Amino acid sequence: MSTAMEGKKKDSRKQSSGAAFQWLSGIVLTIGGLFFLLPFFWMITSSFKPEGEIVQIPPTFWPESFTMHNFTYLFNNMKFDVYFKNTLIIVLFSYIGLLLNALAGFGFAKYDFKGRNALFVLVLATMMIPSQVTMIPVYLILNSLGLTNTMTGIVLPGLVGAFAIFLFRQFMSTIPTELLEATRLDGASEYRIFAQIVLPITKPILAVQAILTFIGGWNSFLWPLIIANDESLYTLSVGLSLLKGQYAANFGLQMAGATFMVVPVILLFTYFQKHIIENFSISGMK
Amino acid sequence: MKGFLNKQAPYIFIAPTLILLTLFSIVPILVALVISFTDMDLGGLANFNSISFIGFENYVEVLKDPVFMKAIYNTIFYVVIGVPLVILFSLAIALLINLGTSRIFKAFRVVYYLPSVTNIVAVAVVWNYLYNPTLGLFNYLLNLVGLPDVPWLTEPTIAKLSLILLALWKAVGLNMIIFIAALQGIPKSYYEAAQLDGANTWQQVTRITIPMLRFAIFFVSITTMIGWLQFFEEPFVMTQGGPLDGTLSVALFIYQNGFKFNNFGYAAAGSFVLFVCIIAITLVQLKLQKNESDMT
Amino acid sequence: MKKTFAMITTVALTAGLLAGCGADNKNEGSTNTGNGGSANEKVTLNVWGMGEEAKTLPKLAEEFTKENPNITINVQALPWAQGHEKLLTAIASKKGPDVIQMGTSWIPEFAEAGALADLTPYIEQYEELNPENFYSGAVEAGKSGDKYVGSPWYVETRVLYYRTDLLKEVGYDAAPQTWEELSDAAQKLAARGEGKYGISIDPKEESLGFMFSRQNGAEWFTADGQPNFSDDKFVEAVEYINSFYQNGSAPKDLGLDIVPAFKEGILPIFISGPWMIKLIQDQAPEINDKWAIAVLPKKENNISLLGGSNLSIFEYSTNKDAAAKFIAFMSKPETQMKWMEHTSSLPAATAAWENDTLKNDPFYKVIGEQLNAAQPMPVIAEWTKINQSYLKHFEVIYRSNADVKKELEAFNEEAAKILK
């Protein structure tokens, strides 16, 4: 299917977008891309340098004395298995949140019910709250629910988010109402409509959201630390932040940790963009 | 029963999210509102009885605080320059990638997206190096072409611009992905029809793509605006607000007062000033959007 | 509109109260469960340590558990940068650790909030906790009013690091002994050429101004407790620091890490704590025989800053007796020596310094000497804020060479406001 569409795309664009334009935009994107990749490249090469070389003057471009020490230290000194497991649990739970967000977005986009606009404004308002100010109240609420030092307490506050609801609503509003009406006339329940019509159409946004959700869970940091009174609940990010000493920066270790945390995201993203965004791009939309 | 469930469907759709949002966003912000009228400090946190209400004193104080005013000025600076740049760059990159036919264009998605997923600690370390006055790559490149050094993080205005550049680098990927997803949603038949009418690429972009992206542009501009009004991470990890408070944002001001100096009441008052500003600006944006959609 | 506002306020109040009550109830509930640690009851102590070093703490805890089989130690390591937030929430919920490692600069605010238990009753019980066993500055840092809330664990102080070879080149066979010599040496070193400097003075290090002013004999507070930061002695000290920037012997924005700059001889002198010894040895082994440390140059005195960490019992702990026992164990000179082997933190117990390892080591000898002339910053909760205010005014001074007296007067006014 992918190649078929690829061919079609090429055909339809051939006349209008000439080779010159393709080359030009390719060059522009390459130059910009190099700039975007540069810090990244630096992070990875640094993780293979000994600490002394990282702070050397002038900096070395490529590791002069290549070392795996930073990585071995990480794996020997951190309970990576525990942190990794916790991080995965958080990510999995946040996917439940993703579904809830999609449901709410659909509710706001395609139904006219009493108080809809007021409720939606309320949802939007939560996005505008500076998170610095709610941290202690949220903590107190969780504490009074007896949820501190539990995985539930870590996951619950971030489960749903206005940004995602807003994004879903925004894109689900573009689904033609006639399409839903037609299905409704066929006797489908609202829930079936959501599962069988709406979700498939929303796949590009679902993919975007899925990635965002993953990254959010993957990098979740301050909250797990605040809630956890036990290191068995720490996530990878919290573990990594332990590496920074009070006085010594331990750049090499931090770089190795950051590299380690970014690689899975790259793999995941490469996979997602290949298989989801492209294949399902326009199905269902006329 | 089934009929009832069906009728209540919209409420059932939104109920779980609303409950969670109420519990973990609305109630906390109301608690914070109460705190903003008190003199709560660390002692008050330990013992609620020692808190006393002081009316609007925190608000009066914070609005008189020259540091807070500077933070507001800086935040406006960030928003006015940062938001248009983010939208422009992410839209342009999304369009270029989407128009590209070669396989390599797909790789660009990953490339431009990477900064958004990189751990902030690594970002801070790497960018501090790039901006380094003595060994930084940027000054090195400038010197190569015969230009003098730029005080990237040590002159208040330039430091703000440097942080915007960094934030741009970090923000473009996410918004680009949203734009690409929206672009994929535009039916191919529209372009085919336009091509039959003899429209060139530029005309297709301006007449079909941009109008069809209205929703996405609206979404990105609102969320980006809100995000920049809450600009926090970049000055937090890069400059801590310096030099001379030149990069201090309102969110960082709140954080420092709350978590460094334990002035919870004062910090809460500051956040409500910010909160009200964000709401006002967003309402204006929503209104503009509404007018626009009425017209079309 | 008015009505809605009233309603919102009511809801908020109730919510706040509910949250508050919840926390209160919890507290009452748990204090009633009695104080464990006595006799044979099994107790688990939660210990909060800071940073990577806390990862080594379980090794010492093991030995403690060997001696006290019914007390298990559960160590949680907190990142330095976020430790403060974590402690705030612990206080809010009145739940958290039994024993906390407190950086000395944190003690005043948390003690004032009533989060740290008074250790006075335990001093009689455990000879190891006797304040006379420790450096007096570290004991000072653990006091809050008439309470003694933090028992010294490890200490650090600032000393002068210098390149012996480069100083010899400009005529100094030993480290500068006085302020004048330091200034002179720095200028001579800076005159070596373009891109070379004499000394590194970190403008973001808030303690420097206070440290120098104390060396100049400045009294920070008047007899009636008013701040006295625009006093001539203080002004003179800040002018002295500023002179390094203005005559070019100290860089304003170099952006180099100290170790490589030290190695390359760009910054041949700097003032820092004992942790730099290991960093230089590890990262710049090439200059191993070309640098040394010395006690700070003197003006009226050469009192350095005393920092480090103390151990405290969390006020809301239900195992205070066991916690005191653990702290007593950690205070033993032998334990502190072991801790030093693992983490290179310096023992706060003076008896440990009689040990040959410390006595014969050229570096530790200097630090031990400096420790005898080292005092902490004032033990008041507002100090963090005063520090920040000082830094801001000092930034104006060194960047735009502003009038020192005027800036410090503005700073003094702010400090008075903070303290009121």
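Note that Cβ sites are derived from N, Cα and C of the backbone, with glycine treated the same way.
Positions annotated as domain 'ABC transmembrane type-1' by TrEMBL: A:83-272.
Per TrEMBL, transmembrane segment is recorded for A:21-44 (among others).
The feature transmembrane segment is assigned by TrEMBL to A:83-106 (among others). Remote same-chain residues near the transmembrane segment (A:83-106) are listed as 123, 151, 154-155, 158-161, 164-172, 194, 198-199, 202, 206, 209-210, 213-214, 216-218, 220, 224, 232-239 (criterion: CB distance under 8 Å, separation of at least six residues from the stretch ends).
Long-range contacts of the transmembrane segment (A:118-142) within the same chain: residues 104, 108, 148, 153, 156-157, 161-163, 165-166, 169, 222, 226-227, each at least 6 residues beyond the stretch ends and with a Cβ under 8 Å from a Cβ of the stretch. Look at TrEMBL and you will find A:118-142 (among others) tagged as transmembrane segment.
The transmembrane segment feature in TrEMBL is assigned to A:148-168 (among others). Outside the transmembrane segment (A:148-168), and at least 6 residues removed from its termini, the chain residues within Cβ reach (under 8 Å) are 86, 89-90, 93-94, 96-98, 100-102, 104-106, 108-109, 123-127, 138-139, 142, 202, 205, 208-209, 212-213, 216, 220, 223-224, 227-230, 233.
For the transmembrane segment (A:205-227), the list of distant contacts is 86-87, 90-91, 93-95, 97-98, 101-102, 135, 139, 142, 147-150, 153-154, 157-158, 164, 167-168, 171, 199, 233-238, 241, 261, 264-265, 268-269, 272-273, 276-277, 280: same-chain residues at least six beyond its ends, Cβ to Cβ under 8 Å. Annotated transmembrane segment per TrEMBL: A:205-227 (among others), in sequence order.
Counting residues 6+ beyond its ends, the transmembrane segment (A:247-272) has Cβ neighbours under 8 Å at 40, 43-44, 46-47, 49-51, 54-55, 69-71, 73-74, 207, 210-211, 214-215, 218-219, 236-237, 239-240 in the same chain. Here TrEMBL flags A:247-272 (among others) as transmembrane segment.
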For the transmembrane segment (A:21-44), what are the same-chain contacts with Cβ under 8 Å, counting residues 6+ beyond its ends?
255, 258-259, 262
